[in-house]
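A short worksheet on the structure shown next.
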Amino acid sequence: MPNFSPLWTSRATSAQRDLEPGFLPLRFLLLGLLVSGLFVPMLPASAADALERGRALAQRVDNRPDGDDAASQGTMVLSEAGREPRVRKLYSFRREGAGGEVANLIRFTAPADIADTGLLTIDHADGSTDQWIYLPALKRDRRIPSSRRGGRFVGSDLFYEDLQDRDVDEDRHRWLREETLEGVKTEVLESVPIDPDSSVYGRRLSWIHPETLIPMRVDFYRPGEPRPFKRLRVYKVERIQGYWTVTDSVMKDLESQHQTRVVNEQTVYDRNLPERLFTNRALQDPSLEQRFRP
Amino acid sequence: MLNPLRLPPVAALLILVVMAIAPLVAAALSLTINNSAEAYVPPQSPAAVFERELRERFPGDEVLVAAFAGEQLYGDAFLERLEQVVAVMQQHPLVERVLAPETLDHISGSVDGFQVEPLLDSAIRTRLTPAERRARLQADRFAPGLLVSDDGELIALAVRPHELENSLQRLEVEGAFLDALGQVGINDALVALSGQTPLDAAQLRATLRDSLIFVPATLLIGLALIAWLFRRWLALIAALAVMHAAVGTALLTLVLLGQPFTLVTAILPPLMVSLSVALLLHLYNALALVERGSGRHAGVGAVEGAGAEAAVADVAATVARSRRVERAWEAIHRPALFTALTTAAGLISLSMSEIPPVHALGQAAAVGVLMLYLLVAWVLPAIFARWDRGGWARPGRGINVLDAPVAWLRRLGMRRPLWVLLVTVGLLAAGAPRIADVEVESDLFRFFKADHPITQSNQLLTEKLSGVTALEVVFEAPSRGAFKELEQLRQIQGFREWVAGRDEVDRVTTMVDVIEEMHWGFHAEDPTNRRLPERGDLIAQYLFIYDGNDLWELVDRDFQTTRVLLNLNINGARQINATIAAIEDYLQQQPLGELDFQTAGFGRLFGDQEQLLIEGQIRGLLLAAGLIFVLMLVIWRSLSAALLCMVPNLSPILVIFIVMGLFGIWLDLATAMIAGVAVGIAVDDTIHVYYGYRRRRRAGRSPVWALARTFQHAGRAVVATTLILSAQFLILGTSQFLPTMEFGLLTALGLVTALLFDLLVLPALVMVTAGAWFRRSTAPASSPTGGQTE
């Protein structure tokens with residue numbers, strides 16, 4: 001499987017010196033919808049150009065081919081200075097519905113005391129999201145309100161918002177500049193929520209590779225703050241079944257230096273995952289999904 | 001032989017000017033101000049080391065707590081503004097987190113849902129009525145006692161700063177908070193502002209205010225007395241320069257020691273000013289007396305006789321200016337050296353304290369005293385020899401009133417020595433048991449008077465919310481994941497139940513509370529499920545999906561270290577230590593297995609001061625006594641004389657402790673300094689008196705005659721010096737800040753007591769012992785009935 005570029009491979013290697021082996025569950029979990037946007041024409045011509053170009057770029061990122069469905073196996077590694085990393089194994093499934101609905105199911109398999117804990121997320125076409133969490137020890141699931149965007153997903157550096165679909169039109173996008181990142185040419189895109197209450201972030205800056213349309217780096221800002229507090233870095237991208245797929249990325253809390261590495265060990269696209277796999281019944285019964293695991 | 005007059009006058013002037021300006025400027029530019037609990041703990045002490053380790057994993061416990069009251073407390077207008085204040089403070093670079101209704105996690109559940117959400121943010125607020133908002137806050141597991149009072153009459157928030165480096169930063173945080181309140185217009189609703197940050201800010205303000213009042217006040221008193229006694233412009237200007245040099249040197253030493261300006265080291269400026277006046281008086285007395293008197297009086301008499309009546313009008317005119325200064329210098333430089341060394345010894349005894357500010361105060365003041373001696377004995381003479389023109393005034397008539405009591409005391413001591421000694425011993429023996437009543441206790445809130453806003457705020461918060469003294473009990477397990485296990489969590493739960501039952505514990509927060517809330521939320525808020533689950537895997541899954549922030553302030557992400565947060569309604573170090581001891585006793589009796597525990601936080605650091613104060617005080621007093629005794633041995637070259645001179649200097653310490661016991665004055669950070677300072681200063685008078693006595697005895701005079709003559713000359717000098725110093729310390733007694741007030745009053749008491757011992761007990765001791773050893777140790781004396789002339 002070809003690497004994205006020699007330089008990226010090199011970067012991934014250096015990053016791996018510092019990190020435990022791991023993997024990314026699903027590209028969409030983290031990246032697929034981080035960059036999207038709405039364009040509102042502004043007064044100055046150059047500013048208007050930047051907004052137009054930004055929205056177009058965001059739309060292209062949103063439209064990037066990623067299959068009708070995908071099933072992945074991976075590892076989530078939580079690290080902080082001076083501490084042994086904590087490793088979780090998981091499977092994840094994604095399915096895009098005909099009406100624009102996107103469904104995700106994440107199932108943890110290790111460590112043993114949390115095995116079978118699951119999260120089901122349904123991003124509706126109207127922008128609303130439903131989420132349920134399943135605890136096997138209780139044998140019941142519970143709805144998590146969509147307003148809980150800023151909650152940390154299973155104690156990681158990923159917020160629930162990072163796991164949700166975000167429509168391009170929910171943000172105002174602005175193309176800022178071209179920039180070489182680790183030797184690779186990228187385009188820098190700024191995305192600001194039109195409704196500040198719709199996101200836990202006040203602003204996002206994305207360094208997008210123009211050919212794969214994958215954000216190689218995303219800086220996350222709290223509302224009103226000049227410095228980012230979180231940063232996503234993509235360290236490895238592979239082409240799987242013709243789809244560019246992030247297989248190694250790190251989300252880092254820039255204040256605590258705590259970081260979450262997600263390594264995608266195996267991904268299979270377009271297996272016609274059934275709709276019933278993304279229901280509360282399936283969430284409560286891990287056996288239903290087992291034959292679809294990669 | 002070294003002679004200060006060999007120093008070129010211009011060089012001397014240059015040295016004086018540079019020393020008056022440079023150290024003070026350098027100190028002003030580099031001195032930091034830090035009064036935090038950490039500043040009072042030895043950096044390498046186990047508690048301090050553990051505290052630093054803990055703060056790498058958990059946030060600090062320093063907070064600014066603000067409480068609000070009003071009729072519309074739960075209305076949109078107030079809550080919106082409170083949210084704006086929270087937003088402003090969250091943005092402040094020195095602020096780590098603001099604990100407020102909108103930032104605190106609230107766990108809830110429904111038939112099919114579960115959530116961890118803000119307790120009361122703008123989105124939740126808009127769907128609730130004011131009464132529902134109040135009920136929501138009061139019903140929360142964590143808000144009562146922290147963010148809302150039990151009766152709902154107060155709403156509070158807590159601003160938690162990052163680890164602050166100094167008191168100015170605390171002042172900045174407090175100022176930013178008050179500004180934010182002012183900008184949104186809810187400062188009228190603020191009814192209490194307390195916690196360590198405002199407390200330190202209040203101490204800083206009190207310390208600086210006292211410095212601004214009392215440094216000029218002591219300086220003016222000293223200058224006014226010098227002006228009254230000597231009426232010489234040069235004397236005044238030189239005194240001002242010497243005072244500046246002494247204060248600057250001491251403060252610069254503080255900087256070089258790496259110590260900040262604290263409420264303890266704030267004593268340095270007025271102390272150095274007072275010591276400057278004391279030493280200068282001896283030089284000026286000598287100069288005045290040489291001018292007025294014969295050369296015969298310029299020796300010991302010059303030191304002793306501020307008001308010597310033997311004025312021979314024409315003698316001064318015949319003495320060349322430099323000869324006059326030289327003779328004055330010859331008279332004072334040895335006793336000045338002795339007194340400088342003994343004062344420095346008394347002060348250096350403070351460095352036996354492990355409390356860094358007390359330690360630094362002793363060293364800095366000792367260096368300042370030695371600088372004082374160098375300037376007065378080795379720099380000023382050249383200046384006076386070159387530029388001192390005109391006559392020195394006779395001391396004001398007022399000082400003559402001192403003669404009668406001095407003579408009466410001296411006669412009483414000499415004529416009824418046994419009675420004096422017996423009564424003195426009797427009084428000390430009667431008072432001694434009260435020393436046992438002296439409480440070793442430090443309470444930072446008690447430093448302020450009852451009507452001070454910080455004291456009233458603390459009372460209100462303690463009554464309506466919870467005490468602001470934070471204590472942490474930290475549990476550590478040998479392996480990660482331990483605090484996901486039921487067995488370990490039950491230990492924490494058991495400890496929580498026990499400690500919550502103690503009267504001094506207002507509030508307990510543990511990770512078990514969070515788990516219980518999750519269990520309750522996952523069971524549709526069924527009250528019977530507000531408990532620790534029975535299954536370990538369920539606990540692990542709750543903790544796995546927990547997506548709030550507050551849990552991570554109670555346990556680390558490895559679930560290997562957890563801390564139990566306590567809010568105590570006590571503020572004294574001894575009381576805090578009693579609670580710590582009780583906690584340790586309890587936990588040691590529990591089957592904790594491999595769990596280790598330690599106490600930490602502000603309460604622990606502050607509590608440690610109690611033991612440090614006692615140890616420092618005992619070691620310091622022993623060192624002071626030892627050093628002064630050795631110096632006396634060197635000076636007198638007589639064991640008996642050295643022992644005899646220790647009596648009038650150690651007894652005032654007894655008197656100070658007796659008075660502290662009688663009046664319930666605590667041995668705390670402020671009063672721990674008094675013994676060292678008082679004994680260091682008081683010993684000067686003993687040296688001056690005994691120096692004169694010995695000189696006359698060596699000249700072959702009888703003990704009675706030598707004593708009488710010495711007191712005739714030295715009495716006024718020691719009384720005048722003591723009165724000036726006491727006046728300077730007494731004025732500190734007018735401070736509204738208790739550490740300054742108690743330090744001033746008790747030091748003045750120590751000095752006056754030492755004077756009484758010098759004037760009354762020392763003659764009595766000499767009379768009683770003279771027959772025993774003077775006949776052996778000195779040349780054959782003349783008849784004790786006297787009759788000789790000096």
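Cβ atoms are placed via backbone N, Cα and C, with glycine included.
All annotation found in TrEMBL is predicted automatically rather than curated by experts.
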Original post:
Which of these ranges is annotated transmembrane segment in TrEMBL: B:333-351, B:618-636?
Top reply: B:618-636
Subject >> TrEMBL annotation of transmembrane segment - which of the ranges B:174-193, B:714-733 it falls on >> reply: B:714-733
Original post:
For the transmembrane segment (B:364-385), which stretch among B:212-230, B:237-257, B:618-636 has the most Cβ pairs under 8 A?
Top reply: B:237-257
Original post:
With the transmembrane segment (B:212-230) as the reference, which stretch in B:237-257, B:263-284, B:418-436, B:672-693 has the largest tally of C-beta pairs below 8 Å?
Top reply: B:263-284
Subject >> For the transmembrane segment (B:418-436), distant same-chain residues with Cβ under 8 A (at least six beyond the ends) >> reply: 412, 651, 654-655, 657-658, 661-662, 757, 760-761, 764-765, 768
Subject >> Residues of the parent chain within Cβ reach of the transmembrane segment (B:618-636), under 8 Å, 6 or more residues beyond its termini >> reply: 338, 341-342, 345-346, 348-353, 362, 642-643, 645-646, 649-650, 653, 675-676, 679-680, 683, 687, 690, 694
Subject >> Stretch in B:263-284, B:672-693, B:745-774 most in contact with the transmembrane segment (B:643-666), if contact is a CB pair under 8 A >> reply: B:745-774
Original post:
Any idea what the model's mean pLDDT is for the domain 'Membrane transport protein MMPL' (B:557-774)?
Top reply: 86
Original post:
By Cβ distance under 8 Å, which residues at least 6 away from the ends of the transmembrane segment (B:672-693) in the same chain are close to it?
Top reply: 264, 267, 271, 274-275, 278, 282, 300, 303-304, 334-335, 338-339, 342-347, 349-350, 353, 355, 358, 361-362, 365, 369, 613, 616-617, 620-621, 624-625, 628, 635-636, 641, 645, 648-650, 652-653, 656-657, 706-707, 709-711, 713-714, 717-718, 721-722, 725, 742-743, 746-747, 750-751, 753-755, 758, 762, 766
